[in-house]
C-alpha cells in the first residue's frame, strides 16, 4: 500500500491556475498534490551570443526552491552564493525538455525564460516544473501571437513530465516525498502529447533494476503524462 | 491625484492568508494591493554562536524576490552568486524590526528564521514583509506555546510597517510602484501596535525635505500602521 | 554622564586635513574624535550604463574598514570574498547622501567615486564618511572647475551627517563607540547646510521610542550638523 | 556510415593502464579511442557528516576537464571560480553509479574519492570516467583488503557505462565527438557486470524518440558494456 | 639621471611614525618617499589548525591597497570579491619574511597578524610593508613582554626590505614608481639586520640580466637595508 | 647523502614527450623524475584588452594540480571556488618567464596560453612547468610558422628552470619533495639557453642564508639549466 492510499497507477490531484502573477507574459501556479510550483515565462527580445543574427529563438529555464518549501528549512542559495549541483541539473533538464517542444525558427530571435520556483515541495518538483512551465510558455507564446510578433505557432506539441519508481517492490506512478525517499529506483519521464519521448532518466538507489521493471515504469509514465496533458489542455483553453 | 485613484491617506487593500504553505511552523501570504509576499517562520533549536548557552533566542530574516515578481525580469540572485546590497539591507531591516517585538529571553535558546519571498511586487515589499513576517512569527510562537516549548508569551506587541512619501508635492500613504518610482521623498515606518517607533527611514530622492513634511509623513504612517495591526489581529485570531 | 565627559549636546573634536594623499582629485583625512576616515574623490570620464549619453554625471561611494580599525581585528572583506551587508548598506547611504547635494546635469557626463576608508573607528564612521566625503567631493569639483571641465558649480549645498541616540535614557549628540554599543535608540541624520533633510534613519535597539524623543534627537542633530558644516567650510576655504 | 568508419555496433578501442600515477591508492589511465581520462581513487579515513558513527562508508566522485582537452580551449573552472552545471551533473552521476556497485557497510566508515580528469576529449567522457573510475576504485579497495583494513570485499559487481545514440537516423554504439554533436538522441547507460541497470539517461536533441528506438539503444548498450567489463576484468587481474 | 634627481645609491626619505592608530597592539605609518603604508600588528590567542597544541606561535600578514592609493583608481578587492594574484603573492612574501625573524617557540602559541594597507603608492609598497610591518610586530611583541605573556624575546633580528633594479641601464637603489615602471630588471631583497638574506627576487622585464649585474644590485640592497634598519632602530627605541 | 642517492649536483632523469595530446597546437608531457606535468600551448587570435590594435602578441600561463597529484589528496580548486595564492603565484611566474623568451612584436597580435597541469608531483613542479611549457610554446610557434601565420621566428632563446636549495647543510641541485620539504633555503632559477637570468627567487625557510651560499646555488642552477636546455633541444628537433 502507498502511504497516501493511492492505487499503484494513480496520480495525485492536478490543479493548474493560470495568471497567478500579473507581470509575466505567462504565469501559472501548478499543484500536483502538495507540490506547488509557481512558473512564469518571461519574453526578452534578445538571445544568447551563439544565436545572435541566426533568426532563431531560445527557451531556457531557471529553478529554485524557497527555503521553507521543504520539511526542514534549506539554506537559501542566494545566501550560500551559488546554486547547488541539484538545482543546476534540474534547470538544465527543464530547459532541454521545453526546447524539445518548440520550433526555435518559428519563435523568432527572442528568448523566453521559464522560472520555476517551488513554493511547497512534496516530491516530483522537477516534473511539476516541466508540466507547469509548459503552460506558462504556452501562455507567453499566445501573447506573442496575439500581438502579431510571432506568426506561425512555434509550439510543436505538449510537453509534460511525471516520475515513476519502484516503491516497496512495486512500480508506482507519481511518487510523493514519502515514496521518493524510500524508492529503490526512481525515474523521470518527459514526453510529448503524442507519446514520444523527450527525456528518460532512471536511477537505481540501493538496488539495481532490470529491463522488465523499466518497461513497466514506462507504461505507468505514459498513463500519467496523458492525464497531465489533459490538465494542460483544460488550463490553456 | 494618485495613479490608483486612492485618497492621499488611503491604504491599498490588505489580505492576509495564514497557513499558505504546510511545512513551516508559521506561514502567511500577505497581499498589499498587488504586492504579494509569502512569509514563513521556521523554528530551529539552535542559535548563532554569540548566543550559545545564553538562554536567549534569536529572530532573523531573509528576503528574496522571484525573478519575475517585477515588471521586467530581474536576475536570480542565486545564479548571480550573491545577494544584492538592496536585498541585504532589506533583510537586515526586517530582522531588526521583528526582534524589537519579541522578548528574546522568553523565547528561549532557539532561532526563528522569517523568510520573506516576494511573489509579485508593486512597491512596498519591505513593509509588507515586516507586516506579514510578524504574522508568520506569531503563528510559529503560538505553535511553540501550544507544544509547551515556550511558557511565557515572548511577543511584546504587534510590529507593522508602511511606506509614506511625497508624491507630486503631496504627502501620501502606502506608495505603490507608480508612486514610489516618482516620489521626491520616500520613507518607511516600522511601529508597534501601541504606536511606538521601531525604525524610521526617510530618504530624499531628488529633493530634500523639511521637518514639517516629515511630521506629516509620520502622521500618515501612524494611520496606516493602525490599519495593518487591525488586519494582523484579524488574521491570527 | 557620558563616558567621555562630554555634555549631552557636545560634539567630539572635528579635524579635517585636506590633501592627505596626493593622487586623488580630492582627498581628506577627517577625524571626529577617535574616528578617523580617509576620504578620496576620484574623477573618471565615464558613467554607469544607465546614464550613457544622458549628459548627466554620477556620484557613488565605496566604504571599507581596515581590519584593525576596531578594538578586535575584523576579517578583511577582500579575503572573505565579499562585502558585508553592513558595508553595502553604509556605502549606499553615503552615495545617496552625496548625490542629493549635487546637480548631476551641471556635473556633466562623468563619475566621481568617493572612497571612505576607516583607519580607526570609535563610532559614527558612516557619518564621518559623509561629512569628510563631501569635502573630498568639493575639492575634486573645484579641480574640475579650475581645469575648465565644469563651468557651473554643480554643488548645491553642504552635506553633513551626525548620529544621535538615547544613551542611559538621555538623548545625546554624536555617539562614540562606548555610547553606541549601549544606546537604546540610535539615529543618523544627513542634512544640508541650509538645514534641509536628506536622510533620516532611527532604529530602536532594545527599546522602542516615541515621537517626542525623536524630535529631541532631530534638534540635537541640527546643532551637530551646523558645527560640521562650519568645519567643512573652514577646510575648503 | 559513421565518420570513423566503425560498424553501427562497434566500440572504439579500449586501453586501460593501471598504476598511471603513483600516489593514489588506485589510479588508471583509460583510453576509449581518443577520449583519455585519468582516474584516481583516494582513501580517506573520514566520512561526510551524515554518515559519522554509522559504520558505513562513502564513495564520491569529482570530474574535471583540462582546459585544452577539447578542440578549442575551454576556460579553467578554477579560474572561473566555479564548476559548471555540466561538470556537477557529471560528477554526481559518476558518484551515484559507483556507489551502486559497492556495499557501504562492508567498506567500513571511510571515504573513497574518485577523481576523473579528462586529459583529452572525443565524446563519451562521462562514460569513460565511470568505467575507468570503477577500475581505480577496485584497485584502492584491493589495497585496503591487502592491508587488512577491509575484510569482506565490498565490491558487488562491475560498473561500466557507454553512450548510444541515433546518428543519421541509425542507432549507433559508443558515440565519438563527431557523432555526439550531430546525434538526434543521445543516451548514457550505466550497468553492472550482470547486466542490471544502474542509471539510464536518454535525451532527445532536436527530434523526439519512440519506445522501439529506445529498446534498440538499450540492446546496443548491453553489448558495449559487456566489452567494457571484459576490459576491466583484464586490467585488474 | 634618475627622475627624482637622486644618486644611484640614494634611498628616498624614510619616516616611521609609531602608534599611528590606537587599537592595535603595534601600529606604525611608514613613509618611504611618497609610498605610505599603515602597518598594524594584532595579537590573537589562537593559532592555525596545524599548530594547535604545538606550543608554537605564528606570524602572518595581509596586504591591501586603498583604491585611490595609485594614480588611477583601482577596483576595490572587497567589491571584486577576491584578492588579486599580486596581492596574495605580496602578502605571502611579507608573512614569510617576518616569520624568518622570529622564534616561533619563544612567541608561544598565539598568532600575530600584520596588516599592511597602502594609503599612497609610489613604488616599493611590498618592501615598505615588510620594513614597517617589522616595526609593528616589534611593538606588539614589546607589549606582550611588558604584560609578562612572553618571557624570552622571540625577535631574532631586524627584518627590512628594499627594491633595486636596472633603470636606464644603470643599477639603482630604491625604485620609485617612475623608475619601476620603466626598469629592465627589478628585484626585492629582504635581509636581516646582520646582513643575512631572507628572500631574493629578481625578475627581468623586457631584458634578461647577467650575474655581474645581479651582484651590483645585491650590493646596493645591502646599503639600503642598513639605512632601513637604522630607521627601524630609531623608531622603536 | 640525498634521499634519492643522487650526487649533490645531479639532476633527476628528464623525459620530454611531445604531442602527448592531439588538440593543442603544442603539447608535451614532461617528466622530471616523479614530477609529471602536461603542458599544452593554445593559440587564439585575440589578445588582452591592453594590447588590442598594438600589433603585439601575448603569452600567458595557467597552472593546476590534479587533486591526487600529491601524497595526500588536495582540494580541487574548481570545487573550492578559487585558485590558491600559491597557484596564482606560480602561474604568474610561468607567464613572466615564457614572455621573456619571446619577441611579442614578431609573434603578431595573437595570444598563446600555456596550460601546465601537474599529473604527479614530487617537488619542482613550477620549474618543470616552465621547462615543459617552453617546449609546448616552441611547438605551437612552429605550427604558426609552418602555416605562414608568423614569418620571423619570435622565439629569442630557450627558457628553462631548475630549483636548488640547501639540504642538510649542503647546496644541492634539483630538489625532490623529500628534500624540498626539509630544505633550509629553497630557490628557483629561470634562465635562457645563453645563461642569462630571467628570474631568481630564493627564500630562507627556517634559516637565513649568506651571499656565498647563494653563489653556489647559482652555479648549480647553471649546470642544471644547461642539461634541461639540451633535453628541450632534443625534444623539438
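Even glycines carry a Cβ here, placed using N, Cα and C.
It should be emphasised that the depicted structure is a prediction, and the values quoted were computed from it without experimental measurement.
Now, the feature entries from TrEMBL:
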- B:10-140: domain 'Exoribonuclease phosphorolytic' (DOMAIN)
- B:86, B:124, B:125, B:126: phosphate binding site (BINDING)
- B:159-224: domain 'Exoribonuclease phosphorolytic' (DOMAIN)
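Structural mapping of features recorded in TrEMBL.
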residue : record                 : CB count, 10 Å
B:86    : phosphate binding site : 14
B:124   : phosphate binding site : 25
B:125   : phosphate binding site : 24
B:126   : phosphate binding site : 23
Model confidence over the domain 'Exoribonuclease phosphorolytic' (B:10-140) (mean pLDDT, whole number): 97
The domain 'Exoribonuclease phosphorolytic' (B:10-140): DSSP-derived helix, strand, coil residue counts: 42 helix, 41 strand, 48 coil
Cβ-centroid neighbourhood (8 Å) of the phosphate site, B:86, B:124, B:125, B:126 excluded: B:63, B:90, B:118, B:121, B:123, B:127, B:128, B:129
DSSP-assigned states of the domain 'Exoribonuclease phosphorolytic' (B:159-224) in counts, ordered helix, strand, coil: 18 helix, 30 strand, 18 coil
Cα-Cα distance maximum in Å, computed over every pair in B:86, B:124, B:125, B:126 that the record assigns to phosphate: 13
